[in-house]
Amino acid sequence: TTIILLIAFAAIQLSKADDLKFVFVMARGGDFVAGDYAGGPKIINKEAKDSELTEQGKQEAFQLGTKLSELYKTKLGVSKWDSKTTYWPVALSQKRTQVSTLITGAGLEGDQSKRNKAWTNEELKATSFPAMESFSRFIKPNECPKYLEELMKQKQEISTILKECSSSVQQVKSKYSAVNVNLPQHIWLAYETLKKLKRQQPSSSTWMTDDLMKNLRECSAKITWLATTKTDTLRKLSGGLLLNDLFNDMDQITQGKAQPNAPGGKDSKLNVFTVSQFLVISQLAAFMPEGSKLNNKAVTASDIYPEDGSHVDIEMYQENNKWSVKLVYVSGKDKQPQTITLPGCQEKCPYEQFKSALQKYKITDEEHQKACKN
C-alpha cells in the first residue's frame with residue numbers, strides 16, 4: 001500500500017511539475033460561407049459579415065476545444081470544464097465568431113449535442129467583454145487615420161511585394177474585375193475569399209491552381225506581416241490594445257486574483273477568445289518584437305500567416321512563487337505547435353522580463369484613440 005501511495009504521489013507531483021496556472025487562447029474563427037470582406041473586392045456580391053459557419057467551420061471549432069482539453073485539462077488541474085466556472089469563452093461581436101467560440105467550449109466539455117445548437121441571444125451576448133470592440137479600431141480609416149498614414153509610408157516595399165504576385169493577381173482580375181491590383185488589402189482579402197470558394201465550390205474553381213494559390217498566399221502573408229510589424233507605430237496601433245488588455249489580466253493573475261470579468265472568478269483557468277484573422281496577426285505582431293524566434297528559427301511572414309484552425313496559446317506558470325510565460329503558436333488546423341521565444345528569453349520567459357520586452361507596444365484605450373488621430 002505504501003508503494004502504491006508513493007507511486008500515486010510521484011504521479012501527482014510529475015503532473016504538477018510545470019505548475020501551469022492559466023492559459024489564454026486566441027483562436028481564428030472557424031470556416032464560414034464565402035462572402036466579400038469589408039475593404040476587399042466584390043467577388044461574390046454578398047457580404048462576409050453576414051455569413052454563417054460551414055459544417056467544416058463547426059467541426060474545426062469543436063476539434064479545437066477537444067484539442068485544448070487534451071492539452072490542458074490535467075495540467076491545469078481541472079476536473080470538469082464548465083463555462084460558468086472553469087473556462088470563459090469570449091469572441092468578437094460577429095454572430096458566427098460568437099457561435100465559433102461557444103462550439104469550441106462544447107469541444108472542451110466533450111458535448112457533441114452543442115455542435116449544431118441554436119444559441120440564444122443571451123448566450124451569444126455572454127461572450128463579449130468591455131474592451132473588445134476597441135481592438136478592431138485600427139483597421140477603420142475614419143476611426144484610426146494614423147494607422148493608414150503610417151502604412152502608406154511603406155509604399156515602396158508594398159509595391160515590391162505586389163510585383164512578386166502580379167501575374168497571379170492579373171489572373172484573378174481576369175475573372176473578377178473588381179480586384180484592384182494596386183491595393184494590397186485586395187490581394188489578401190481576395191486570397192482569403194478564393195480559398196473558401198475553392199473548398200466550397202470546387203467545380204467552379206478549377207482555374208485556381210495550387211501554384212496560383214501558393215503565390216497569392218505568399219504575398220498575403222508578406223502584406224499582412226509588414227502592415228503590423230514594419231514600424232513600432234504599426235505594432236502599437238494594431239496590437240498594443242490587445243497587449244494592454246492581456247497585461248492587465250495577467251497582472252491580476254500573478255497577484256493571485258481572478259481574471260477580471262471571468263464568470264468563474266479564481267476557479268477560471270482558461271480563456272478562449274475567438275477573433276477574425278487580422279487580430280491573430282496583430283496579436284502575433286505585438287508579441288514578437290524584432291529578433292523573436294519561432295521554434296528557434298528566424299520568423300518569416302509565410303510561417304506566421306494564420307490559416308483556419310490557427311491559435312496562439314499564452315501559458316502562465318508559477319514555480320516557487322515566480323511567474324513565467326510560454327507562447328505557443330499553431331498556424332493552422334493540421335500544423336504542429338511552435339514555441340515563440342522573445343529576444344533574451346528561454347522557452348519560458350520570467351513574467352517581468354516578458355513584460356519589459358513588450359512594454360513599448362502597450363497602449364491604453366485613451367492613448368490609442370489619441371494616437372489614431374494624431
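Glycine is treated like the rest: Cβ placed from N, Cα and C.
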(request) Going by Swiss-Prot, VAL25, ASP245, ASP249, GLN283 bind serotonin; tell me which of ASN271, ASN296 is listed for that site too. (result) ASN271
(message) Which one, CYS219, CYS345, is listed by Swiss-Prot as the other cysteine in the disulfide with CYS165?
(response) CYS219
(request) Show which residues of the chain containing CYS345 (disulfide bond), separated from it by at least 6 in sequence, have their CB under 8 Å from its CB. (result) GLN353, PHE354, ALA357
(request) Provide the number of Cβ atoms within 10 Å of the Cβ of ASN271 (serotonin binding site), excluding the reference atom itself. (result) 21
(request) Which residue among the recorded positions VAL25, CYS144, CYS165, CYS219, CYS372 has the fewest other Cβ atoms within 10 Å of its Cβ, if you could check? (result) CYS372
(request) Could you measure the widest C-alpha to C-alpha distance across VAL25, ASP245, ASP249, ASN271, GLN283, the residues recorded as binding serotonin, and give it to a whole number of angstrom? (result) 15
